[in-house]
Amino acid sequence: MNKKSVKDIDVKGKVVFCRVDFNVPMKDGKVTDDTRIRAALPTIEYLTGQGAKVLLASHLGRPKGQVTEELRLTPVAKRLQELLGQEVKKADEAYGDNVKKQISDLKDGDVLVLENVRFYPGEEKNDPELSKAFADLADVYVNDAFGAAHRAHASTAGIAAYLPAVSGFLMQKELEVLGKAISNPDRPFTAIIGGAKVKDKIGVIESLLDKVDNLIIGGGLAYTFVKALGHEVGKSLLEEDKVDLAKSFMDRAKEKGVNFLIPTDVLVADDFSNDANTSIVPISEIPSDLEALDIGTETREKYADVIKNSKLVVWNGPMGVFEIDAFAKGTKAIAEALAEAKDTYSVIGGGDSAAAVEKFGLADQMSHISTGGGASLEFMEGKELPGVTALNDK
């Protein structure tokens, strides 16, 4: 991925339109998790340090193309000000004459947070008019929003047609780490694919079968594979229309010499709660009236063993319903195995896996936590990311 970065251009005295990913959780008008804001700090601090006038653009939530008061970026700007230790100004719109007036008052090194770009219907449609209106505000475009790189929107892709366009440090690191994992991995290379649905992970499983030494399956999608082996799955999540596909994946893994691991035992429950009665059974003995909601003890140990003997592990998707403690042990076992495997480079593919390592207090022991769930998945599938394609080549 040879794209220009902020270090390849001169930004002193220039107005920089920097697309960041400030789509953070909020409660009662306060930011409850500032991880994504912190992740953008190196780029913002570099730009201010170089004497740029920095405009920060982001989406927040899904306002559906109209102004939604509780989705304004004001609390985000406030939190950013605390983290940066300098005044952060806030605009009430994302473009237009009022914003231009605010920009003309900026000094070198100042920061102005623009309003939620998804307040405008043209953002998600990648409308050229809106892209141009954004571009008219600035001299340079920087994209540091890896989490939105798989979207062809006005502020992530369209704007790049009208300005010099480069990546920020976060975007650059994501592309380097994930790019190496896909094109030149250290071996043994293990991928762990969890989550609820096979249909969401078809592309990534297909792509990884050509690259990995071990492919570990967990989460709700595992039961379609269990069914493909000829076992009944009780009330567990099952995609009947994907059973043949699951079988073909296992056959293809065998042909390629890939070690394809699915659970050998599972935790079954009579209720979707912490008070449920649970027991651990082999996959051949899942009772018809119960639901499997996590991997079993034997499976946990087997998976941990594979992890410890790997040089590179990419993890995307939990092993069970980890939000409920009764069904979190499998996911926790994976996180702990990664934390303990000191010679293993661990890449956590955003989304639920990132939330899980946070929940278990193990985030700082992972080598790289991706800031983009959907984007990292599409990147690993080998798809082009519009937000990356739009940037200038070196």
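Just so it is clear, glycine is given a Cβ too, placed from its N, Cα and C backbone atoms.
Look at Swiss-Prot and you will find D21, F22, N23, R36, H59, L60, G61, R62, R118, R151 tagged as substrate binding site, backed by sequence analysis. Sequence annotations record features per position, and here Swiss-Prot assigns ATP binding site to K201, E323, G350, G351, D352, S353. The phosphoserine feature in Swiss-Prot is assigned to S183; the stated evidence is sequence analysis. Feature annotation from Swiss-Prot assigns phosphothreonine to T299.
Positions of Swiss-Prot features highlighted on the structure.
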| residue | record | DSSP class |
| --- | --- | --- |
| D21 | substrate binding site | coil |
| H59 | substrate binding site | coil |
| R118 | substrate binding site | helix |
| S183 | phosphoserine | helix |
| K201 | ATP binding site | helix |
| T299 | phosphothreonine | helix |
| G350 | ATP binding site | coil |
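Long-range Cβ neighbours of G350 (ATP binding site) (same chain, at least 6 residues apart, Cβ-Cβ under 8 Å): G147, N316, I369, S370, T371, G372, G373, G374, A375, S376, L377. A gap of 19 Å separates the Cα atoms of S183 (phosphoserine) and K201 (ATP binding site). Sorted by the number of other CB atoms within 10 A, the binding-site residues H59, R118, K201 start with K201, the lowest.
Shown are the recorded positions N23, S183, T299, S353; the one with the most C-beta atoms within 10 angstroms of its own C-beta is S353.
Among the record's substrate binders, D21, F22, N23, R36, H59, L60, G61, R62, R118, R151, no two C-alpha atoms are more than 18 Å apart, and one pair sits at exactly that spread.
E323 (ATP binding site) falls within neither a helix nor a strand when secondary structure is assigned with DSSP, and so counts as coil. Using Cα positions, the member of the recorded positions K201, T299, D352, S353 nearest to R118 (substrate binding site) is identified as D352. For G61 (substrate binding site), the nearest neighbour among the listed recorded positions (K201, T299, E323, G351), judged by C-alpha distance, is G351. Comparing the Cα of T299 (phosphothreonine) with the Cα of every entry in N23, H59, D352, S353, these being the binding-site residues, the smallest distance points to S353. Each of the binding-site residues D21, E323, D352 was ranked by the number of other C-beta atoms within 10 Å, and first place falls to D21. Of the listed binding-site residues, namely G61, G351, the sparsest CB environment within 10 A is found at G61.
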